[in-house]
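TrEMBL annotations:
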ACT_SITE  146  active site, proton donor
ACT_SITE  217  active site, proton acceptor
BINDING   199, 467, 512  (S)-malate binding site
BINDING   288, 289, 312  divalent metal cation binding site
DOMAIN    123-303  domain 'Malic enzyme N-terminal'
DOMAIN    313-581  domain 'Malic enzyme NAD-binding'
C-alpha cells in the first residue's frame with residue numbers, strides 16, 4: 001500500500017475547495033438573473049393584524065396585496081382598494097402641495113383642519129394623552145374631532161389617510177365577513193359606529209371617506225361617556241359610491257363602482273350585523289349617516305333583534321325634542337304645554353322625519369297616549385321639503401313622510417296649497433317653532449325670517465339644525481337682526497353668541513347630538529338592555545331638557561355648555577338605565593346583575609355610571625413572558 005505524505009493530502013483538500021469556489025464564482029456570472037436582490041428578498045415577520053400596520057418597518061399601508069391581506073389577517077383593516085407605491089406617492093404629494101398652496105396663499109385649508117392633523121398625530125403616538133387633551137379641552141376640540149371639522153376631514157380623507165383606524169367591510173368581502181371580524185385584535189368591543197358613507201352630514205355621498213365620521217363619533221364616546229378606547233370600533237361598509245368625482249379619482253381609496261341597491265345591499269348589511277354580533281354578542285351598534293331611504297328601513301329591520309340605534313333618526317330627534325321642550329320653558333310655560341306648539345319643519349329626510357316622529361310621540365304621551373292623542377298631535381306639524389308643503393294631494397309621497405302630509409281641507413282653510421313655499425307656510429301658519437333639517441345653507445332667507453316675526457308665540461324659536469356650518473339654514477346674526485332680540489336660537493353646528501348691545505347677549509345654543517348619543521350608548525351598555533327602546537330614548541331627551549335651570553332657560557340658554565359634557569352624559573345614562581329597568585329590559589352588566597340594578601335608587605345609579613366611566617390615566621405596566 002502506498003502511503004502519501006500528510007502534506008500532500010492537505011494540498012488535495014485545499015485544491016478541491018479552491019475548485020469549488022471557482023465553480024461557484026463562474027455560476028454567479030451565468031445565473032445572476034435568478035438571484036433575489038436584498039430589497040426583494042421575502043421577509044419573515046412574527047406579527048399580524050394591527051401589529052404589522054403599526055410597525056414602520058413592515059407596514060405597506062394600502063399597498064398590501066389581497067393575498068398578503070389574507071395571509072397576514074389584514075382583510076378589513078384597510079380600505080378595499082390596493083394601491084401601487086406610485087399611487088401612494090401621488091396621494092402624499094397631492095396633500096403636500098395643497099398644504100404648500102394654503103401656506104402661500106392664505107388659510108383656504110382652515111386652521112381647524114391643521115388642528116385635526118396635529119391631534120391625529122398625537123392619537124397615533126399616545127392614545128391616553130390624546131383623550132386627556134380632548135377631555136380637558138373639550139369645548140375647543142369637540143368641533144375639531146366632530147362637527148364641523150369632521151366634514152372637511154371626510155371630504156379630504158383619501159389625502160389625509162396615514163394610519164388605518166377601524167375596519168372596512170366591502171361588497172367584495174361577501175362570504176368572508178364572519179372570518180374577517182376576527183382580524184380585529186380585541187376580544188371585547190362595547191361600541192361600534194358604522195356608516196356606508198352615503199350621506200355624510202349635509203355633504204352627500206363621500207363613499208369610503210365617510211369613515212372619518214365614525215372615528216369622530218367614537219372619540220366623543222370615549223371623551224364624553226368614558227367608553228374604554230380599546231373597546232370601540234369605527235366601521236365603514238363600502239358598497240360603492242354614486243359620487244362621480246370619486247369614481248373618476250385615481251387616488252380614491254374605496255371601491256370605484258356604483259352603489260349596490262335592493263337585496264344585494266341588504267345582504268351586505270345583514271352579513272355584517274351577523275358577523276359582529278356573533279363575535280361580540282353584547283355590542284352596541286350606532287348607525288351613522290346612511291341615506292334616508294336606508295336609514296329607516298335598516299332601523300326597523302334590526303332594532304328589535306339587536307342592540308342598535310340610528311343617531312340621525314333617533315339621536316337628532318332626541319336633541320331636537322330637548323330643545324323644543326326647552327323653548328317651552330323659555331317662554332315661561334310648563335313643558336306640558338308642548339302639545340300646543342305649532343311647528344314648521346323644513347326638511348323631510350331621515351333627520352327631519354325622525355324629529356317629527358319623536359315630537360309626535362312626545363305630544364301624544366303628554367295628552368294621554370291614546371289614539372286620539374296621537375292623531376291630534378299630527379295636526380301640530382307642517383312639513384316642507386324641496387317641493388314645498390307636503391299635502392295628501394301630492395303624488396308619490398315618501399311613505400315615511402305620509403303621516404305628516406296635511407289634509408287638503410286643512411291646508412285650504414289656512415290659505416295653503418300643495419307645494420306652497422316655505423315663506424308662504426311661515427306667513428300663514430305663524431309657527432311657534434321654525435325647525436331646519438334640510439341641509440340647505442341659507443334656506444331661512446330674509447323673507448322667511450321676516451315672516452316669522454308675525455309668530456303668535458311671545459318668544460318664537462328658530463332652529464337651523466343642519467350640519468356642517470355651511471349648511472345651516474341661517475346664522476344667529478341673521479336671526480337676531482331680522483326677527484329681534486326676543487327669540488330662542490339653536491343650531492346644529494357651533495356659532496358665537498351675538499352681541500346685542502347694552503350688555504345684552506343673543507345666546508347661540510348648539511343642539512348637538514353629542515349631548516345624547518354618548519349617554520344613550522353608555523346607559524344601554526351598563527343596563528345590559530336587550531334593545532334600545534323608544535322609552536329609553538325619550539327618557540334621555542327629557543333628562544337633557546330638564547338639565548338647565550329655570551334662570552338659564554329664561555335667559556335663552558336651552559342647552560348646556562359642552563364643557564359639562566361628562567356630567568350631562570352621566571345624567572343621561574342614568575335616565576336611560578332607570579327607564580330600561582322600569583321597562584324590564586335590563587339584564588345587568590358584569591357584576592351588576594338585573595336584580596341588583598332594580599335595588600338602586602337614582603343617586604346610586606348615577607354613582608354606578610360614574611364608577612364605570614373610563615378616565616385617561618396611565619396604567620401600571622407589568623411584563624410577563626408567554
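Each residue, glycine too, has its Cβ placed from N, Cα and C.
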Cβ contacts of residue 467 ((S)-malate binding site) (under 8 Å, same chain, 6 or more positions away): 147, 148, 151, 201, 202, 439, 492, 493
Cβ packing number for residue 312 (divalent metal cation binding site), 10 Å threshold: 27
Fewest other C-beta atoms within 10 angstroms, as judged across 199, 217, which are the recorded positions: 199
Remaining residues near the recorded divalent metal cation site, that is with C-beta within 8 Å of the centroid of the site residues 288, 289, 312: 195, 199, 200, 213, 287, 290, 295, 310, 311, 350
Count of other CB atoms lying within 10 Å of the CB belonging to the residue listed as 'active site, proton donor': 25
Pairwise CA distance, residue 289 (divalent metal cation binding site) versus residue 199 ((S)-malate binding site), rounded so that it is a whole Å: 5
Integer Å distance between the CA atoms belonging to residue 512 ((S)-malate binding site) and residue 288 (divalent metal cation binding site): 14
Nonlocal residues around residue 512 ((S)-malate binding site), in sequence order (Cβ under 8 Å, 6 or more apart): 142, 146, 147, 319, 492, 494, 559, 562
Cα-to-Cα gap, the residue listed as 'active site, proton acceptor' vs residue 312 (divalent metal cation binding site), nearest whole Å: 12
